[in-house]
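One structure is given below, encoded as structure tokens.
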Amino acid sequence: MAKGDPKKPKGKMSAYAFFVQTCREEHKKKNPEVPVNFAEFSKKCSERWKTMSGKEKSKFDEMAKADKVRYDREMKDYGPAKGGKKKKDPNAPKRPPSGFFLFCSEFRPKIKSANPGISIGDVAKKLGEMWNNLSDSEKQPYINKAAKLKEKYEKDVADYKSKGKFDGAKGAAKVARKKVEEEDEEDEEEEEEEEEEEDE
């Protein structure tokens, strides 16, 4: 059985992935006969990345941004034929954020304003460190809020299913909802990075 969909666009690469790819190419040019020890190579790349300045990382950030544009464009073209998968209904209730994501939403703008030009990965890393340093009592307000949003989401899903997917009265809200979704998409990549930091 074929694995995945061969027509599906290649996934977008992060700035760090482009950096690792560049390191691998450099290694092949300098030592074409020497095989790469993946574990050792990954460790060296990680250490080198941590010591690089924002300016040095910026070219990889630009490469990642360009690749995201490529990926988004290809996914848009690919979208409707996504392996027979049902297209996401824009009227469906949006999955609620976790307590960690609520914390990120509050502090992400503060980190960005305090560190102009900071990369998405570094923002996510800082947020992950800040969250891990909070005590349970400091995390509780975010967790409580997330629990309430989850309750509301479950109720909205039940209402949504009972009313059916298409409700004519909701037509006027579609435009506003679309704008919110577009804004949400901009944060998707940051949230993916933040999710990784929360899991570490």
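Just so you know, glycine gets a Cβ as well, placed from its N, Cα and C.
As annotated by Swiss-Prot, DNA-binding region applies to 9-79, 93-161. Per Swiss-Prot, compositional bias 'Acidic residues' is recorded for 182-200. What Swiss-Prot lists as disulfide bond is Cys23-Cys45, and the listing cites similarity to another entry. Under the heading N6-acetyllysine, Swiss-Prot lists Lys3, Lys30, Lys43, Lys112, Lys139. Per Swiss-Prot, the feature cysteine sulfonic acid (-SO3H) maps to Cys23, Cys45, Cys104; the stated evidence is similarity to another entry. Here Swiss-Prot flags Ser98 as phosphoserine, drawing on similarity to another entry. Sequence annotations record features per position, and here Swiss-Prot assigns region 'Disordered' to 71-97, 163-200.
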Query raised in the report: Do any residues at least six apart in sequence from Lys112 (N6-acetyllysine), in the same chain, have a Cβ closer than 8 Å to its Cβ, and if so which, in order?
Result: Ile118, Val123
Query raised in the report: Which entry in the list of modified residues, Lys30, Lys43, Lys139, has its Cβ near the fewest other Cβ atoms, using 10 Å as the limit?
Result: Lys30
Report summary line: With neighbours defined as other CB atoms within 10 A, the best-packed of the recorded positions Cys23, Cys45, Cys104 is Cys104
**Report entry** Rounded Cα separation (Å) that holds between Lys139 (N6-acetyllysine) and the residue listed as 'phosphoserine'
**Finding:** 11
